[in-house]
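S.K.: This is the structure I want to talk about, given as structure tokens.
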Amino acid sequence: MAGLSALLTAVVLEIQAGARAYILAESEWSRARKDAVLFLYLFAEHGDPQYLARAREALVHPLSDRRARMALEAEPPDIERARAEFLQGTNAPDNVRRMVWMHRYFADAPYFREAIELWRAGDDHLLALESVADRLETAHARSFDPNLRELLQASLAQIGAQHREIEQAFAETLTAGAEWLQRVLVAGAAMAFLFMATLCVFLFIAVHRHVQSSERKFRALFEQAAIGLAELDRQGRFSNVNAALCRLLGLRPERLIGERLQNYFPTRAAEDETLLPGPGAGPHRPVATERRYQRSDGRAGWGRVTLSMVRGRGREAERLFAMVEDVTEARELANALSHQATHDRLTGLANRHAVEDHLEALLAQTHGTARRHLFCFIDLDQFKVVNDSCGHFAGDQLLAHVADTLRRAVRDSDLIGRLGGDEFAAILHDVGPADGERTAAKLLQRLRSEEFRWEGQRFRLTASIGVVTLDAGVRDVPWVLRAADVACYMAKDRGRDRLQAYTPEDHSVVEHHGQIQWVQSIRSALAEDRLVLHGQRIRPVMPGPAPLDYELLVRLIGSDGTQHPPGAFMPAAERFDLATEIDTWVARHAFRRLAEHPEHLAALNLCHLNVSAQSLGNPRYLTLLEGLLDEYGIPGHKICLEITETAAVRSLQDAREFIARMQARGCRIALDDFGSGLSSFGYLKNLPVDLIKIDGLFVRDIAEDELDRAIVESINQIGRALGKRTIAEFVEDDAVLAILRRIGVDSAQGYGVHHPCPFEELLAAATPPARFAGGSPAG
């Protein structure tokens, strides 16, 4: 029995030593992780390969220990490899033996099991750090995209923050487990004493010596730990401190002993009492907080202070154990990343995202009030000359000079930002149009008065400024930016170096210029097959079976990969005789894809295709449609061709011929945007269409606008009288859908019914959902 008790005691003490070994390893992991994050951040910022090398060197220890754990978890366990990996991770040989032993025999034990799970949870962050290092190395081998740098730096901050929580939980779990084992040991010793008092004298001496040895090792661990450790009394005074805490504060141990924690990590008075655990707090309820501290040399920093209550044995007083981790670098990094996210790196001005956020907040404040502000879109006139003749560095200096000039030309309450390239923004608060334009004119005059000099060359600064008044009538931020851009273009078009206030009636000038630019984009997209189809479901308004109906919508992929909706390029296509080419592409592509998906075609009820005014009056397009139906074997009754009321009235004879020939093939015809014309009802009698699509301008606001509701009711009643089905466009929410249901409209289309999705997603669905009862179903 005495031997068994001695063996049990030795095992418990060995477990304690193993736990301490893992705690010591965790402190090394924490240091390695912080070093890796720091050096990767520096490598991303400066590109020095030494930083990358030091980051990879820092990751050797935690990655080696990870491989050791994986070797122990293998079937069968690879003990030799685990020992080798632990040793490579700079763990002491005695600690390696204990760490292997602990994992093999106590992997499922309380506390240690949770600690191992936390260890595994940290793997993803380590691998993520390694992946960031690889991506940074690859990026620096090429031309480094600043956006990628910022993204990876943000990832580093996030990884560091998440991994710190796991490290802290790992250490706290092992500490709690060690304390639990300590209580078990005391209880076991007491039982052994009661049962074997006469036999335990020798054993007691041996155990006592072992405890002293363990205490010495614990003290060594306490002193050598990479993070600050301290023991405090119940009033929060230091009774013992380690070297790391002394280095952190720049003070000697004797200066700290007897001093209060709050003297060096001050906080609000209301927090002092809540920081210290209450009388009933146990070791499983640590209190953690981040506090600002000041070193003896006057430098300030941030430390994460974690306090745990340690209950004394017997009549011993409760003690507090504090862990202090320096998080100054992490704080500074987070602040730097936050600043970079909202400020332009070159000029220090607010970036485009920050300007848009400020505009959005300003418009929200202006809504419903008489307050007025001014937004200025500032585009430098001669930036390209400087950039091309003197180089990019000179161009950067010019931008910084302009930023400083603009900043000094406005009030502290105003905002200057850089939108990108040579475009700047000024937001002038609480000024009317006249005062605001005078202030904007002063900005222009201030730029004119400046001269940029570079290597003996002199450049006069001028700019074109577009001005938009911000009042309660402004719709949203995109509108402000578009309007300001239009006004700025008008200023450039009218001679540059001038101010131009936005007026809606001048918008046609810019629109014409934009359409000319669209012509080349359309031709390139047709030649390079950069058109894509999206589909939007059309569903019955009443609950019940929902047939597979949808409208195909064409999108243009720009040379930069941006998707443009038809509203952006179709006006130019129709004006410059490119609409029929687009309609032809859509019909050919749609019919071919339908033929390639026979199951989908069988389930299809109606596929709606738009026909432009240009195609409606083109006999060759009509013949082409008939040929495509035959070529791909598409049943005519599966196709609905949508023509607009405006297009139809241009030539009623062409429209009637188109409708007659397509209906002869079984196709159905829908009159799109019905109600937009002045004589809609009169033309309806002369056009034998099958469906009427009610213009969304009347549908969108019927929940609030009684006149719109009355118009929709009238269109629906006349459609019923003529035996035509009705479809309401622009159905945005359930409230509109409910009113349409009461009116008796047949079907609905809009974001409240289905968001447009790629045509391929619709093709993948052979059959539609069984029922539709409103809401926003997935398409």
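Using N, Cα and C of the backbone, Cβ positions are placed for all residues, glycine too.
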S.K.: Do you know which of 272-293, 294-315 TrEMBL annotates as region 'Disordered'?
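M.R.: My reading of TrEMBL: the region 'Disordered' range is 272-293.
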S.K.: Give the residue counts of the domain 'GGDEF' (371-504) per reduced DSSP state, in the order helix, strand, coil.
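M.R.: Helix/strand/coil tally for the domain 'GGDEF' (371-504): 61 helix, 39 strand, 34 coil.
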S.K.: Give me the mean pLDDT over the domain 'PAS' (214-259), rounded to a whole number.
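M.R.: Summarising the domain 'PAS' (214-259) by its mean pLDDT gives 73.
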